[in-house]
Amino acid sequence: MESPEDRNGNDVRQPLLEKIPVKKEAEGEERLCIDEMLQRYCGEFGRWQLKHFVLTCIAWALEAFHTMVMIFADQEPEWRCVGSDCRVGSLNCELDPSSWEWTAGKGSSTVSEWGLICGDKYKVGLVQALFFAGCMIGAGVFGHLSDSKLGRKGSLTVVCIINAIFGIATAFSPNYWTYVVLRFLTGFSTGGVGLTAFVLATEPIGPSKRGVAGMSTFYFFSAGIAVLSGIAYVFRSWRELFIVSSLPSLLFLLIVIPFISESPRWYLVRGKVDEAMKLMHSIAKTNGRHIPAGVTLALDDDVENNNGERNTAVEGSLKDVILSPLMRMRLVISVAISFTVSIVYYGLSLNVGNLKTNLYLNVFVNAVSEMPAFAITAVLLDKYGRKPLSIGTQWFSCVFCLVGFSVWGAGPWKSVRMVSGVLGIFGMAGTYNLLFIYIAELFPTVVRNAALGCATQAAQMGAILAPFVVVLGEELPFGVFAVCGLVGGGLAFYLPETLNKPLYDTMFGMHEAESESNRERGEVIC
């Protein structure tokens, strides 16, 4: 077999794609992998992909609703004195319950309704921790199910059903512990929303457009937070807020899901070649393109070895990833980076949220401020690659967190710490979102969502720990965040670059391609 250098004149931007097309002369059939068919016949990002991408990514806004609603529902409202024994400046824990009252009434938040203050204040943090614990479990479960029998679309449908049911049910919680259970169950389904929607939205997109498209998915999450702040401003009762923020999941099921297609890659690895080809023809037709007769799809390892058409499903699991030295190292590093990045991202977000400002305006501004990070990262992603950008954004955040840790005292130094926090989260927001693209490209289709699920679980563990880092004070958390950024950036050195590489379908196909690429370039990578 000819090497890519012989055929392409040393074009290192496409080291694997040109060797994939194989014509079976006896049958007059040309068998291509999905990336090659998108590039040659269907279009990498046309009208079909744009519509599918936008509809699928609406799910990210739903995830923002179910996750960030706790900021408003669990807030501690303002209170006022109503008796002569109440003194301005006192803590309400020190006062007789009859001498003060909640300004907005007892039903404005869970804190005011169930008295989650003083000795019971820890219960607010407990709800948050258990929600993210549910996310961690759900990410693993739905990551596996979306790679296996349910598929990407099936998993997205299931998690939206669960979100709608338990999200609305939460509004009718009769007591605190029922509320805790329902938030945990909502977290379980929410953990599967983002990773399933991300893979479903990006898998039908060609390799040269996939990076920018992948980064663009996170605009929907930030937009969801911004919209939620407006909804919370209008609906001040926590029960009303849960109903209004959960109804969009029901509308998504009824209006949007029917117009979303399953991933052609999932069809292919499950042995459903006819369904995959039908979808590819639909993509080509909508994009104003045409797939010639005699052209069909094949898995990358079938194409590589010129095998016949496969009609059986190709299975993959985390066990296969762990047993493979190549995949195992990638998974361990991906999990570690996701954990450290999440601590910094959520930790800095909570630090900014602790500012004594208008809560609704503050949440809105924080959501909007992340968008420039997404835009800049998207522009640089295909110019400099995933690996350098992952290292650079984490170390950018590390530098400003180190500045925040180094300056002590009040006065102007508080402003320096605030600016350091904003710039720190600016860098880490780019990393946090870049990781979805990077990790998705590091693993083949048969285990892609399972690997993303593991990384998401690690990120949720970081989210659980972040509040405990924040309570260390004003300066010490910056030191922890700086160390996390430094370590995460260092670990990224051990990952391979995936820019302009195809998305592989099977473990065998990825192993063969990576081994040949290493031999040709004389490199050893994870």
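Yeah, the Cβs are placed from backbone N, Cα and C, and that goes for glycine too.
The annotation topological domain 'Cytoplasmic' is assigned in Swiss-Prot to 1-52 (among others) on the grounds of sequence analysis.
Residues 109-110, 127-128, 131, 135, 156, 160, 163, 167, 183, 186, 190, 193-194, 196-198, 200-202, 205, 213, 216-218, 220-225, 227-229, 232, 238, 241-242, 245-246, 248-249, 252, 256, 259-260, 353, 359-360, 363 of the same chain lie 6 or more positions beyond the ends of the transmembrane segment (53-73) yet place their CB under 8 Å from a CB of it. The feature transmembrane segment is assigned by Swiss-Prot to 53-73 (among others), with sequence analysis given as support.
Per Swiss-Prot, the feature topological domain 'Extracellular' maps to 74-123 (among others).
Taken from Swiss-Prot, the feature transmembrane segment covers 124-144 (among others). Residues 67, 70, 74, 76, 110-111, 116, 150, 155, 158-159, 179-180, 183-192, 195-196, 317-318, 449-454, 456-457, 460-461, 463-464, 467 of the same chain lie 6+ residues outside the transmembrane segment (124-144) yet bring a C-beta within less than 8 angstroms of a C-beta in it.
Packing against the topological domain 'Cytoplasmic' (145-153) from elsewhere in the chain are residues 192, 195-196, 199-200, 203, 257, 260-263, 266, 270, 315-316, 445-450: each is 6 or more residues past its ends and has a CB under 8 Å from a CB in it. What Swiss-Prot lists as topological domain 'Cytoplasmic' is 145-153 (among others), and the listing cites sequence analysis.
As annotated by Swiss-Prot, transmembrane segment applies to 154-174 (among others). Within its own chain, the transmembrane segment (154-174) is flanked in space by residues 56, 59, 62, 66, 138, 142, 145-146, 182-183, 185-186, 188-190, 192-193, 196-197, 200, 238-243, 245-247, 249-250, 252-253, 257, 260, 262, 449, which lie at least six positions past its ends and keep a Cβ under 8 Å from the stretch.
Residues 110, 114, 116, 123, 127 of the same chain, all 6+ positions outside the topological domain 'Extracellular' (175-179), place their C-beta atoms under 8 angstroms from a C-beta of that stretch. Marked as topological domain 'Extracellular' by Swiss-Prot: 175-179 (among others).
A Cβ distance under 8 Å defines the sequence-distant neighbours of the transmembrane segment (180-200), meaning residues of its chain 6+ beyond its ends; these are 56-57, 59-60, 62-63, 66-67, 70, 126-127, 130-143, 145-146, 152-153, 155-156, 158-160, 162-163, 166-167, 169-170, 173, 214, 217, 221, 260, 262-263, 436, 440, 448-449, 452-453, 456-457, 460. Marked as transmembrane segment by Swiss-Prot: 180-200 (among others).
THR202 (ATP binding site) is surrounded by 25 other CB atoms, counting those within 10 A of its CB over all protein chains shown. Taken from Swiss-Prot, the feature ATP binding site applies to ALA201, THR202, GLU203, PRO204, ILE205, GLY206, PRO207, SER208, supported by sequence analysis.
According to DSSP, the topological domain 'Cytoplasmic' (201-214) comprises 10 helix, 0 strand, 4 coil. Taken from Swiss-Prot, the feature topological domain 'Cytoplasmic' applies to 201-214 (among others).
The transmembrane segment annotation in Swiss-Prot covers 215-235 (among others). Taking Cβ pairs closer than 8 Å, the transmembrane segment (215-235) reaches residues 53, 57-65, 68-69, 71-72, 194, 197-198, 201-202, 241, 244-245, 360-361, 363-364, 366-368, 370-371, 374, 377-378, 381, 433-434, 436-437 in its own chain, all 6 or more past its ends.
Confidence for the topological domain 'Extracellular' (236-240), expressed as mean pLDDT, is 91. The topological domain 'Extracellular' annotation in Swiss-Prot covers 236-240 (among others).
Among the features that Swiss-Prot reports, transmembrane segment is placed at 241-261 (among others), with the record citing sequence analysis.
Among the features that Swiss-Prot reports, topological domain 'Cytoplasmic' is placed at 262-331 (among others).
Positions annotated as transmembrane segment by Swiss-Prot, on the basis of sequence analysis: 332-352 (among others).
The topological domain 'Extracellular' feature in Swiss-Prot is assigned to 353-360 (among others); the stated evidence is sequence analysis.
Counting every protein chain shown, 17 other Cβ atoms lie within 10 Å of the Cβ of SER208 (ATP binding site). Note on the transmembrane segment (391-411): residues 337, 341, 344, 348, 377, 384, 417, 420-421, 423-428, 430-431, 434, 475-476, 478-479, 481-482, 484-486, 488-489, 492-493 of its chain, located 6 or more positions outside it, place their CB under 8 angstroms from a CB of the stretch. Here the transmembrane segment (476-496) has long-range neighbours at 329-330, 333-334, 336-337, 340-341, 343-344, 347-348, 351, 387, 390-392, 394-395, 397-399, 401-405, 417, 420-421, 424, 427-428, 431, 438, 442, 469-470, 514, 525-526, meaning same-chain residues at least 6 beyond its ends whose C-beta is under 8 angstroms from one of its own. Residues 51-52, 55-56, 58-59, 61-62, 65-66, 69, 72-73, 153, 156-157, 160-161, 163-164, 167-168, 170-171, 200, 204, 228, 231-232, 235, 279, 282 of the same chain sit 6 or more residues outside the transmembrane segment (241-261) yet have a Cβ under 8 Å from a Cβ within it. Under DSSP, residues within the topological domain 'Extracellular' (236-240) fall into helix, strand and coil as 3 helix, 0 strand, 2 coil. Least packed by the Cβ count within 10 Å, out of the binding-site residues ALA201, ILE205, is ILE205. Sequence-distant contacts of the topological domain 'Extracellular' (236-240) (same chain, at least 6 residues past either end, Cβ-Cβ under 8 Å): 72-74, 104, 107-110, 113, 171-172.
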